[in-house]
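Chemist: Before we start, here is the structure in question, set down as structure tokens.
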Number of protein chains: 2
Amino acid sequence: MTAYTDLMTFQRETEALAQVSGRLEWDQETVMPRGAAPQRAEEIGALEAVLHARRTDPRIGDWLDAAEGAETDEVARANLRRIRHAYTRTQRVPARLAAELARVTSVSQGIWAEARAAEDFAAFAPTLEQIVALTRDKAAALADGGAPYDALLDDYEPGATADSLTAMFGALRPRLVALRDRIMGAERRSPALSGDFPEAAQMALTREMAQAFGYDMTRGRIDKAVHPFSSGGGADVRITTRTSATDPFNCLYSTIHEVGHAAYEQGIDPVHALTPLGQGVSMGVHESQSRIYENQLGRSRAFTSHIFARMTDTFGPLSVDSPEAFYAAVNRVHPGFIRTESDEVQYNLHVLLRFDLERRLIDGSLPVADLPEAWNTRFEADFGVAVDRPSNGCLQDVHWSVGLFGYFPTYTLGNVYAGCLHAALRRDLPDLDTRLAAGDPGPATGWLRDKLQRHGALRPPRATIAHATGEEPSEGPLLDYLEAKFGEIYGV
Amino acid sequence: MTAYTDLMTFQRETEALAQVSGRLEWDQETVMPRGAAPQRAEEIGALEAVLHARRTDPRIGDWLDAAEGAETDEVARANLRRIRHAYTRTQRVPARLAAELARVTSVSQGIWAEARAAEDFAAFAPTLEQIVALTRDKAAALADGGAPYDALLDDYEPGATADSLTAMFGALRPRLVALRDRIMGAERRSPALSGDFPEAAQMALTREMAQAFGYDMTRGRIDKAVHPFSSGGGADVRITTRTSATDPFNCLYSTIHEVGHAAYEQGIDPVHALTPLGQGVSMGVHESQSRIYENQLGRSRAFTSHIFARMTDTFGPLSVDSPEAFYAAVNRVHPGFIRTESDEVQYNLHVLLRFDLERRLIDGSLPVADLPEAWNTRFEADFGVAVDRPSNGCLQDVHWSVGLFGYFPTYTLGNVYAGCLHAALRRDLPDLDTRLAAGDPGPATGWLRDKLQRHGALRPPRATIAHATGEEPSEGPLLDYLEAKFGEIYGV
């Protein structure tokens, strides 16, 4: 046995236990009896304590020291890089700080939810101040002399920096604002789909679409949950969805989105199963898969013509009565305050706002008390509408209430990466629209599996995209795609 | 912090992790995608390794040594007794032997299933020989100079011995054989229910009955599985059931049986949650709860009159058209080879046969090669019928194939305990039949909760029954109950 095989044996058990943790989360959100919640918290706490002890086990350091010089194979080196990275970070956060953050964030989500329901930012502010202060301490500990915000980002997007994202997002924002303004000022309006859509039929159609997009039901399942999510890895990747009787797109596109996440996990070469490479490499790359499935493929003119036909088969005549009107309805750009209800054009503006504000919360230049005003001012500048109440403004997202700072920008990074991947796969698959119109995204999902998904976390995030596309990722393809698509739909 | 509080803190996390293990088993039998099986084996393996390391942690010995003299409280002493007992046993089995048993039994169930399907005992014999040999080694290690079979029993029924069970079962067997013979020779026959019973209606009725028997759905759920089981403890106790379109009793009574198990776990005083007292004290006492719910209550004349009414409401007129005929159909005694399909009269004869044979397998007086003949001879003696094929004989049960020796007798012990409890609760609740006939087993389940369930594992198994009934347990009440009930039904 070498140090590397010892380390990987130990790591494999840790990964298996992490999968168990994922299974508990799935259970909690789908099938757990409600009275089990307090006991479940203890079960998860005990398992997390086991995982923490394994992740900080000093033997990992010894094995790494012995193995890093000895291994030359690309896969071994990538595994060692991922393990070293995680081990170094876990070592840096003092146990007392981690415990205090866990303690505060175990109750803060409830406080946030109450404050949001009461439209009372002041009721949440002291809690958010605590979280921001603890997160700043954590960031400083993780940064070890480097940039604190970058150290937070690194949890979700290893290698990304605030500076590089600021440059990318700085190029996105004016063209998105301008596109949004042109659409809002356009004479042409998109219709909204209306009607009543039985839930069972929606679920049947959503299963059909999930399988069309390559979701392997022998290694996964679809259930309903309050918030759609994808969970687990390897041979057990489950997704959830939700239904709205009046809005079938909610179920359909949240499913296709989650299938994108799940396809990444299911598509990884089994040789990487239960190793550090056997999972998506970053939140941004993960989101690129969910977004390209949902938007560039699922909301394409070609594929929506197939959905139109299948929805007409399923529900009878629709309120939008042609494939072209249906395509416009699917891609309708509408004013709104809520990020999660937003469209492809405005979504990134929501994210950019949060990215800019959370950096200032972390660097201390924006006191928590001033957050609502800063939010509302920025929102009006980018969206042209005044925020009417906190639940439509800075209280709308759960993220900060549970200490997620550095997470928001990965949403837009995912869209940027999706733009790059889409441009490349269109070059490689000139006849894709014919297949999409026939209800078959297979050539595109096969391309993504081959170029990206199967490699798991073998390469760092940007290198993963560059390997797939043959180019360094940039915001250009996403902007070109959005301007072309929505310019045509709205005639602007 | 005292040694006792340190120990209980450690133990609580172990119990929480054991609950997680239970959740994985539930998941595997109900919702897991079939392609996830190999990965799941690794997940369970990793979690079991964590549990094993915790259960053999030498700190437990130190804490026990320090705490055992210091604690005087009844609950503390009971917790220490349970922990000491488990710790001593875990220490005694050499790791290499435990690993070898785990290795063999991880594949032996499949070999047994194939042999059973092929009606080929010889194909299973070498594997069974291995298992018996390893189990004998394990028994010798556990016994530490004592009786090997008793050491195996102790896993399932702490404190029970082969000698005490042999005396009890020796008193049961002749009266059961005689009762069986009288019934088989009776002129009066019980009708069999026939018809077609839609599955959804069966499930609705089974949920209604589960709740009538006190199953708390806010801390549990009912799903379908191949084999009905109860799983988990404390605030998360789930049961499964199955349906047969032609036999609604299968679903109904397996549910009431599992509700008995679940009610025991759900009924334990929450003060014992996630401690060694927060679970059923033994398999025998557990089975006493499932059996008294299923048989003495669920198959009583009074309660079956309610089921008859509800089934008529649900399914329309039945093939048995009076409450009395329905009661006879529910309690029909019929020839058969299979233990799990047996009735109250013959069930224990199946168990006694296995108890006698497995003791001889373990003491070496019965070679594996001679098992089929020994089985068939004994079966014909007790049941008056020749076994026609191995799947109806010694290949019918999974238990031995996974190394469960000492488990079978707890089934009959559970019936004996149920007999004792039933006699005592009938004395305390003279009007019970009026409530049962109205569909309300509440007085009986309330009595069981108060006298037995809420105490969890506070007292050893026999003392648990004696505390509830005020008498030392014996086989007399079960025999009296069976002879009276079936004597009346069959006029014998």
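Glycine too: its Cβ is placed from the backbone N, Cα and C atoms.
The annotation Zn(2+) binding site is assigned in TrEMBL to B:HIS257, B:HIS261, B:GLU287. The active site, proton donor/acceptor annotation in TrEMBL covers B:GLU258.
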Chemist: Using a Cβ-Cβ cut-off under 8 angstroms and a sequence gap of six or more, which residues of the chain neighbour B:HIS261 (Zn(2+) binding site)?
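Modeler: Those within reach of B:HIS261 (Zn(2+) binding site), by Cβ under 8 Å and sequence separation of 6 or more, are B:SER230, B:ILE239, B:GLY280, B:HIS286, B:GLN289, B:SER290.
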Chemist: When you measure from the Cβ of B:GLU287 (Zn(2+) binding site), how many other Cβ atoms are you left with inside 10 Å?
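Modeler: I count 27 other Cβ atoms within 10 Å of it.
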Chemist: Can you give me the same-chain residues 6 or more apart in sequence from B:GLU258 (active site, proton donor/acceptor) with a CB-CB distance under 8 Å?
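Modeler: Sequence-distant Cβ neighbours: B:PRO228, B:PHE229, B:SER230, B:ILE239, B:THR240, B:THR241, B:SER290.
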Chemist: Around the Zn(2+) site formed by B:HIS257, B:HIS261, B:GLU287, which additional residues qualify by having Cβ within 8 Å of the site's Cβ center?
Modeler: B:SER230, B:GLU258, B:GLY260, B:HIS286, B:GLN289, B:SER290, B:ARG291, B:TYR293, B:GLU294, B:GLY414
Chemist: If you draw a 10 Å sphere around the Cβ of B:HIS257 (Zn(2+) binding site), how many other Cβ atoms fall inside it, taking every protein chain shown into account?
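Modeler: There are 22 of them.
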Chemist: Once the DSSP letters are reduced so that anything not helix or strand counts as coil, what is B:GLU287 (Zn(2+) binding site)?
Modeler: helix
